[in-house]
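Before any comments, here is the structure.
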Amino acid sequence: MEKTFLMVKPDGVQRGLIGEIVNRFESKGYQLVGGKLMTISQELAEQHYGEHKERPFFGELVDFITSGPVFAMVWEGENVISTARLMMGATNPKESAPGTIRGDFAVTVAKNIIHGSDSPESAEREIGLFFKEEELSSYEKAVNSWIN
Ligand code: RTP
Ligand code: MG
């Protein structure tokens, strides 16, 4: 079953939105298979956002993501990578639709509440950066047969 890496960014943690965000993915029908509150090191931040190294906002992005605890998660389910991105909304909250996480809770692109892997390759890479194999739990839920 497909897995993705999602993370409540420091602004979402400070604003008390962990529960709200977990609730959205649980209610949708996805399954939480890993989660932890952690503070990201400079090195991990630079690896995680490596694709943006040459962008003008890179320094600001690394400073922000390391500025306080994040809630890192792995979620599992059918098509979870792209559907989670739809549920998050557009990167810039000025364009993210109401009903999406960024559309409902964020105002500026720099503080946009949540990160989500953008492809199967990113998901695999990011899960590996943030979680050890033994930190993920695979388990059956009886309710799954009513979803898939
Ligand atoms: P993320 O990686 O955080 O899930 O966001 P994303 O895929 O929707 O957007 P991406 O292009 O990967 O950008 C990563 C994060 O960089 C910040 N950003 N700031 N100041 C700016 O113009 C700017 N542009 C992007 C955002 O916080 C974005 O989530
Ligand atoms: Mg991205």
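Positions of Cβ are set from backbone N, Cα and C atoms, glycine also.
Secondary structure from DSSP puts HIS115 (active site, pros-phosphohistidine intermediate) in a beta strand. The feature active site, pros-phosphohistidine intermediate is assigned by TrEMBL to HIS115.
Sequence annotations record features per position, and here TrEMBL assigns ATP binding site to LYS9, PHE57, ARG85, THR91, ARG102, ASN112. Listed in sequence order, GLY116, ASP118 are the same-chain residues six or more apart from ARG85 (ATP binding site) with CB atoms under 8 A from its CB.
According to TrEMBL, the feature domain 'Nucleoside diphosphate kinase-like' maps to 1-138.
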Position of peak Cβ density within 10 Å, selected from the binding-site residues THR91, ASN112: ASN112
Where the C-beta lies under 6 angstroms from ligand 1, the matching recorded positions among LYS9, ARG85, THR91, ARG102, HIS115: THR91, HIS115
